[in-house]
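These notes are about the structure you will find just below.
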Amino acid sequence: MQNQKINVVQAVFLFALAVGITNHVIIVPLILNSALRDSWISPLIALPPLLLWTTILFLIMKLTKQKSLYIWFKTHYNPLVASLVIAPIILFVFLILFVTIRDTTAWTKITYLPKTPFPVIVGLYVFAGFIAALTGLRTITIAAGILFPAVIMFGFFVMSVNYQFKDYSYLLPVFTNGYAPALKGTIYVLGGLVEFILLLSVQQHLSKKMRFSTLILMTLAVTCLIFGPVIASIAIFGPYEAADQRYPSYEQWRMVLIGKFISHLDFLSIYQWLSGSLVRISLALFLLFDLLHMTHHRKKWIWMFITCVALIVMVTRLNLSDAIFFEFLQRYYFPYTLSFFYFFPFLLLLLILMKRGKAHHEFT
Amino acid sequence: MKRFLMGLISLLFALILTSCWDIKSLQDVNYFTGIGIDYKNNKYQIYIQQLNFSSVAKTEGGKLSTPAEVWVGHAEGESISQAVIELYQTTQQTVFWGHLSSIILSEDVLKHGNLLAVFDALMRSPEIRYTPWIYGSKKDMRELLTTKPFFNLSPLNSILYSPETNYNQRPIITPMRTSQFIRDLREPGKMVFLPSLSISDGTWTANKKPDPKLEVDGVFAMHDDSFKSWVDYKDLTGLRWFKNRTLTSRIFLRKNNSNVATLKIAKPKSKIRINISNGEPVFNIEVSAAAILLELWTQTSEKELENLANKLIAEEIRSTFQNGMKRQIDLLRLEHVLYRKKFKLWKKLTSNGKVALHPIKLGEVTVKIKVVQSGMYKLKRKMTPH
């Protein structure tokens, strides 16, 4: 196998695209729905707990010397503990796959391909992710590096063009219904950001040590990515209309208008969203098998293929209406992933600290 | 071999990913560009405007000898989508709503219709955007949708579709996009001024025959999703000092019944301060702007010009406020300032938005105009020939 390591900058691009961009599309409607005008406060409230959590994450990466989590726990504890440690991450990766595929394809079907059969959309999309995942992390990372700059550029484009429709006075007054709505919105902000836990499962693929400042900068940048569209939505549509929209970020794209002759540029958002979610599902697929120690397995592609088919069947055959899916995200998916994965790193750190001395002893 | 296989797969992707299912041949589509919504006999009436695109696309050097053709379709139903389905019976081809650029709501639909349901039907559609211009009107929909601009141009060149250039010349009533209308309509305690579209029969003649033209003659004032009143544009002149986009607002100064000067006021800045006296809000307004001298009739000092302008603008603001109070509406949108700045007091005084704030106390109106330019002449010119 040739060198499959990626450098830190690449990893930052990869995570900004896979976690940041795509996350905000899924999360923004949930935040607006629960926090209305206070939505823009939610990312601010999320900052302190996020910084604490990121610090813990960094400590884990440092103390495990960016080795594979499974191997570290196998050598310091036993295979059972190691399996128990990575099992939640495996489950999480699978859920990410399902949610991302479901949300992206449903959006595709509703907005720009209404007459294309749903299984065809899902099938082609998953197949593209399958090929990327099969070729390995390096491919996914390079793809992310190529796609990312344009995605960011288009983001700034939509932000500045829509300035003509924005009235920032709509951001006030805040806390008209107490502090509860803003705190509820924070659940979704953090619920999305705990996906950075996946960094623990790519840490062994990094060619260098991740710096603390890099990690903090990345999480801050991704929080800004949530902050931006939330503010824009309130300023353009007002809090109540924005809360009723299923795809608020996409609605912003549909507003884009330059003078009398340039409009209907929302196809650029397709580029943004599809590149984000494609990188996301291929990364998730790769990690799923990497965590199962099948990266170098000869039959990996068969298992991956079967997983993809299962995902396609799940997304298309489960009679899941969009309303139920939205409620699933709102009531279960984000609150539960948040409450588990926020405290998960604390537990890991505790386990690591307990055995650190012993490992040191073994070495000497 | 592996590369060849990969190439083949990519090629396959290119071939099957052309989204043939959703292909639309441009010539086989009916484009709905404007919709008028009325409410009569407990039914929603929709009027759809379609344009002949050969009159929209201008050919080089070719004169438009024939008038632009406009089709107006009408259908009714219990709801908007019922009416649309009814209309589809005769549309002949696939309808594409993506280029809908104008919406007209009749006075009846504003008064008696369920506006949120109307917008639900429109905005739930993945084809319709929030960008169309939106108007209210008292006139007949069919007439509004068939009134054409000058020179045989298509209605896309009328204020129904391109109101901005017209507004820039005469900035009294700001044209409104659907996004803004919905945003303001759903905002607690905010007055919305929906531009009222009308037809002026007498202003223009073409070859000595009357040639009706569209005009914006006032606003429909709405508060909390319900219709309040129709207001003539003459009663609204004070409103323009609160829009800092206003570029070329002109004021004509007179003193002792004789003409003094005309000033152009650029980018006014306004501030509304709330003072609380006896638990009730008093609104103090401050406006400041730069002025450019356009014409001078009587020799007047800079100071005097500024004083006259200050007085005139303050008077305009006060009279606009009074015009509103007479109809029990808040033309300066002061209630919403209270909502923004003193939410708790607003909540108390309006029972959390159940009733509109009334009466509203207007305190001081302070205007500070600064004459910064006198055009191509000096401010002090000789008022006699020599």
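Placed from the backbone N, Cα and C atoms, the Cβ positions cover glycine too.
Computed from a predicted structure; not experimentally measured.
Noted in TrEMBL for the protein shown:
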type     : residues  : note
TRANSMEM : A:12-34   : transmembrane segment
TRANSMEM : A:40-60   : transmembrane segment
TRANSMEM : A:80-98   : transmembrane segment
TRANSMEM : A:118-137 : transmembrane segment
TRANSMEM : A:144-165 : transmembrane segment
TRANSMEM : A:185-202 : transmembrane segment
TRANSMEM : A:214-237 : transmembrane segment
TRANSMEM : A:270-289 : transmembrane segment
TRANSMEM : A:301-320 : transmembrane segment
TRANSMEM : A:332-353 : transmembrane segment
Can at least 3 Cβ pairs under 8 A be found between the transmembrane segment (A:301-320) and the transmembrane segment (A:332-353), with each pair 6 or more apart in sequence?
no
Can the transmembrane segment (A:270-289) be said to touch the transmembrane segment (A:12-34) if we require at least 3 CB pairs below 8 Å and skip pairs under 6 apart in sequence?
yes
Which residues of the chain, 6 or more past the ends of the transmembrane segment (A:12-34), have a CB below 8 A from one of its CBs?
6, 42, 99-100, 103-104, 140-141, 144-145, 147-148, 151, 181, 184-185, 187-189, 191-193, 195-196, 198-199, 214, 218, 221-222, 225-226, 229-230, 233-234, 239, 242-243, 245-250, 272-273, 275-277, 279-280, 283-284, 326, 329-330, 334
Counting only residues 6 or more past its boundaries, what in the same chain has a CB within less than 8 Å of a CB in the transmembrane segment (A:40-60)?
31, 171, 174-175, 182-183, 185-186, 188-190, 193-194, 196-197, 199-200, 210, 212, 215-216, 219-220, 223-224, 226-227, 230-231, 234, 342, 345-346, 348-349, 352
Are the transmembrane segment (A:144-165) and the transmembrane segment (A:80-98) close enough that 3 or more Cβ pairs fall under 8 Å, when only pairs 6 or more apart in sequence count?
no
Distant-in-sequence neighbours of the transmembrane segment (A:144-165), which means Cβ under 8 A and at least six residues beyond its ends:
10, 13-14, 16-18, 21, 225, 228, 232, 235-236, 252-253, 255-258, 268-269, 271-272, 275-276, 279
